[in-house]
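Peer 1: The structure's right below; bear with me while I get my questions together.
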């Protein structure tokens, strides 16, 4: 958290710092930088940002266990959907990871599961012999089979669980270091009064979100495709229950993705996998707070570039307004949530929240898409100092 505050503070100070050796409106191309040892090209700027964004969105997302029988294309599209969500609203992925982290800690304390066993329960990794996920508190406390499920999960070998992961500590560490290195570079550029492009500001926000995702999902197996069968057979549900429970309303699926609350709509005995953003109810308060905090921080990083140089005033105001939207929206939702703690206001605020989400969500998505596309448009006209590289010998002598 201290690193986040330092980054936001330095970025905001850089936008109002003393004049650069080049005038603020001085525009240049990479050809104007002749010293190859102390310069960077437009290609290197874009490549560094895209590599970091890729690590933040594609590599860092850890999907839940998918339904059986899915093709490679279906698995790819499933992960691509998570990647797109991570690009538009990375704080949602942070909150999802936080919910599973807090739930896994609670499961370890409540039932004596190891960290690997607990997080595997959260992601729908254990199924009964009839193929239904063991993913709810009610199943683990079921008088008929709960104790058998608990014992079977406790006996699951950690090596068998982690063997299903497509990643290890080394691959996760490399992706995490990619984000940390990018943050260090941005801080160094700010300290040396070198221009930071809007693309780098946007990438910095992704990198900071990525740190939280990796830390929260450090013990979660990556890209598991098949569950582990444990426990005794359970009663098969009738066809009517299967049909009514699988087809969740679109708005309920959306609210479940954001807040992890699927209500009574999801029934594991009528499903063959857990929802994409599934987690148990425990830890929702902490995860909800983190969702609001990360959403606000993500927007604040963009707002920190409030006074940086833009090619046109129109682009400057578009950036500012979009940054404000993504900063204010999470706080507005949290305010409604706090007011909803009153029983008298719950019914009214439920309707108000429904309307605000439906009206505000397109605005939020539009602002996020603008903040993704606008930095690329800004690359056509960069300040001359944007092509100057960091002088690392200032911090590390003789380098």
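Cβ atoms here come from the backbone N, Cα and C positions, even for glycine.
What you are looking at is a predicted structure, and each value in this text was computed from that prediction instead of being measured.
According to TrEMBL, the record shows the following:
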{"type": "SIGNAL", "residues": "1-17", "note": "signal peptide"}
{"type": "TRANSMEM", "residues": "41-61", "note": "transmembrane segment"}
{"type": "TRANSMEM", "residues": "82-102", "note": "transmembrane segment"}
{"type": "TRANSMEM", "residues": "199-217", "note": "transmembrane segment"}
{"type": "TRANSMEM", "residues": "287-309", "note": "transmembrane segment"}
{"type": "TRANSMEM", "residues": "321-342", "note": "transmembrane segment"}
{"type": "TRANSMEM", "residues": "348-371", "note": "transmembrane segment"}
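On this model, are these features tucked inside or out on the surface, and what's nearby?
Peer 2: Long-range contacts of the transmembrane segment (41-61) within the same chain, counting only residues at least 6 positions beyond its ends with a Cβ under 8 Å from a Cβ of the stretch, are 29-30, 33, 79, 82-83, 86-87, 90, 93, 171, 175, 178-179, 182, 185, 197, 199-200, 202-203, 206-207, 209-210, 213-214, 217, 379, 382, 386-387.
Distant neighbours of the transmembrane segment (199-217): 3-4, 7, 11, 45-46, 48-49, 52-53, 55-57, 60-62, 90-91, 93-94, 97-98, 100-101, 172, 175-176, 179-180, 182-183, 186, 189, 290, 294, 297-298, 301-302, 304-305, 308, 371-372, 375-376, 378-379; these residues of the same chain sit at least 6 beyond its ends, with a Cβ under 8 Å from one of its Cβ atoms.
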